[in-house]
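Please read the structure below before turning to the comments.
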Ligand SMILES: *[C@@H]1O[C@H](CO)[C@@H](O)[C@H](O)[C@H]1NC(C)=O
Ligand SMILES: *[C@@H]1O[C@H](CO)[C@@H](O)[C@H](O)[C@H]1NC(C)=O
């Protein structure tokens with residue numbers, strides 16, 4: 001399914017999009033029976049989607065609905081079609097909740113991430129899981145695949161409506177989880193099911209959708225709750241495949257939502273790494289390099305399902321402020337949990353969090369402030385001590401020379417993998433790195449006045465009074481909670 005030409009396409013996308021997209025043909029409209037008619041007039045054709053084409057027919061798409069339940073978790077899946085007899089013959093149980101999983105561009109229903117996501121869902125809850133395989137419609141060229149999403153969405157809606165009618169289910173029991181183009185498939189489905197319970201968009205595809213009218217893309221009216229994860233909204237010039245644009249009731253921006261930690265972020269590195277992986281690891285390896293951040297969205301979502309770490313996300317004006325640790329407050333009920341448990345909170349709008357660069361991704365956020373009495377130039381590492389456990393020694397400063405003057409403050413966000421419980425102390429390590437010419441400006445002992453730590457999980461602040469305690473360069477000093485200075 002994912003062939004060499006797809007790699008070439010992905011690399012060539014920003015440069016010569018126009019040459020490899022199919023050109024629109026004469027016909028303006030196609031009709032597919034009960035699914036209705038689809039045209040390629042505005043808003044489906046616009047400057048954001050100049051090569052808009054008509055979608056393929058259901059006969060060409062051969063969309064499959066693959067059912068998994070706890071009774072048939074890994075065995076061969078049952079295929080159901082949207083008629084009463086087929087629904088009744090299957091293991092589908094209308095009294096239980098149903099999760100539809102929809103893949104995106106160049107993927108198909110057998111991809112490993114879908115099996116893993118299904119397994120985690122079934123581990124968490126006794127639900128019906130239906131993997132939507134529209135691999136025949138998701139391939140090249142991109143404009144055709146993005147057009148096909150409309151028909152696949154209509155097919156899902158047709159099946160859901162049949163299930164509501166014949167299996168005594170109800171719209172609130174349905175939740176569609178769609179990645180990339182699959183997020184917009186979910187939107188088209190939601191548009192046709194009145195009061196559909198929920199849609200989770202995993203890095204909704206950007207090209208052909210960002211900036212288009214709500215009818216063309218996933219939007220908050222498509223379900224009672226629409227929650228999205230934005231992982232690769234870096235823009236087309238950096239081969240960003242997702243959107244930066246908020247498209248839900250609540251939109252999560254892990255690590256800012258443009259690129260993910262552990263993934264290449266610049267165009268040249270992406271291309272080189274993709275080529276290298278293509279040679280050494282084959283095609284999925286190449287794909288993993290070029291769409292690393294885009295794929296991270298489903299790895300994150302899968303982890304959120306059964307994680308004890310809450311993926312707590314905070315409201316903030318922008319990611320720069322968040323990264324400076326300024327936003328670890330919920331201001332009432334403004335926080336939510338990114339991913340599967342986003343429905344446990346009524347928080348709306350754009351929420352931020354940071355995650356780690358490799359699995360497990362979830363982290364706990366702390367803002368650490370150190371007020372100093374002398375200037376310093378060097379690296380600061382900290383270790384947090386808690387009632388449950390301690391962290392490793394973690395880097396705190398991001399550049400050298402952050403404290404130039406007496407009374408300045410270092411303020412940074414620190415993300416730990418483990419829940420340390422209540423903060424009881426902190427170890428601070430200072431390594432002077434000032435160069436030969438400036439070393440005279442910075443004493444070897446860094447005199448610290450106080451340390452304060454805000455925990456994101458509890459929104460509690462712990463203060464450590466230092467009264468001018470000195471930290472010798474290349475050594476470390478412990479502070480215990482002592483209250484205010
Ligand atoms: C943390 O402190 C709170 C009181 O502030 C207490 O209720 C809780 O049990 C403490 N948790 C741990 C893990 O020590
Ligand atoms: C850290 O410093 C900033 C800037 O002065 C302040 O707004 C914030 O409340 C401080 N945080 C803590 C935990 O003391």
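The backbone N, Cα and C atoms fix where each Cβ goes, and this holds for glycine too.
Annotations in TrEMBL come from automatic prediction, not curation.
Residues annotated as active site, nucleophile in TrEMBL: 180. Residue 180 (active site, nucleophile) falls outside any helix or strand according to DSSP and counts as coil. Same-chain residues at least 6 positions away in sequence with a Cβ under 8 Å from that of residue 180 (active site, nucleophile) are, in sequence order, 103, 104, 105, 107, 202, 203, 204, 205, 241, 242, 294.
Secondary structure from DSSP puts residue 203 (active site, charge relay system) in coil. According to TrEMBL, the feature active site, charge relay system maps to 203 (among others).
Per TrEMBL, active site, charge relay system is recorded for 294 (among others). In the three-state DSSP scheme, residue 294 (active site, charge relay system) is classed as helix.
Positions annotated as Ca(2+) binding site by TrEMBL: 217, 219, 222. When secondary structure is read from DSSP and collapsed to three states, residue 219 (Ca(2+) binding site) falls in the coil class.
Note on the domain 'Lipase' (29-361): its mean pLDDT in the predicted model is 92. Annotation comment: TrEMBL describes 29-361 as domain 'Lipase'.
Summarising the annotation, TrEMBL assigns signal peptide to 1-18.
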Enumerate same-chain residues with a sequence separation of six or more from residue 217 (Ca(2+) binding site) and a Cβ-Cβ distance below 8 A; give 'none' if the list is empty.
-> 184, 187, 204, 209, 210, 247
Students should find that the Cβ of residue 219 (Ca(2+) binding site) has, within 10 Å, a number of other Cβ atoms equal to 23
When you measure from the Cβ of residue 294 (active site, charge relay system), how many other Cβ atoms are you left with inside 10 Å?
-> 28
Once near-sequence residues are set aside, which residues in the chain of residue 222 (Ca(2+) binding site), 6 or more away, have Cβ atoms under 8 Å from its Cβ?
-> 186, 187, 189, 190, 191, 196, 199
To test your reading of the Ca(2+) site: which residues beyond 217, 219, 222, same chain only, put their Cβ within 8 Å of the Cβ centroid of those residues?
-> 184, 187, 190, 191, 214, 215, 216, 218, 220, 221, 226, 247
When a 10 Å sphere is centred on the Cβ of residue 203 (active site, charge relay system), how many other Cβ atoms does it contain?
-> 32
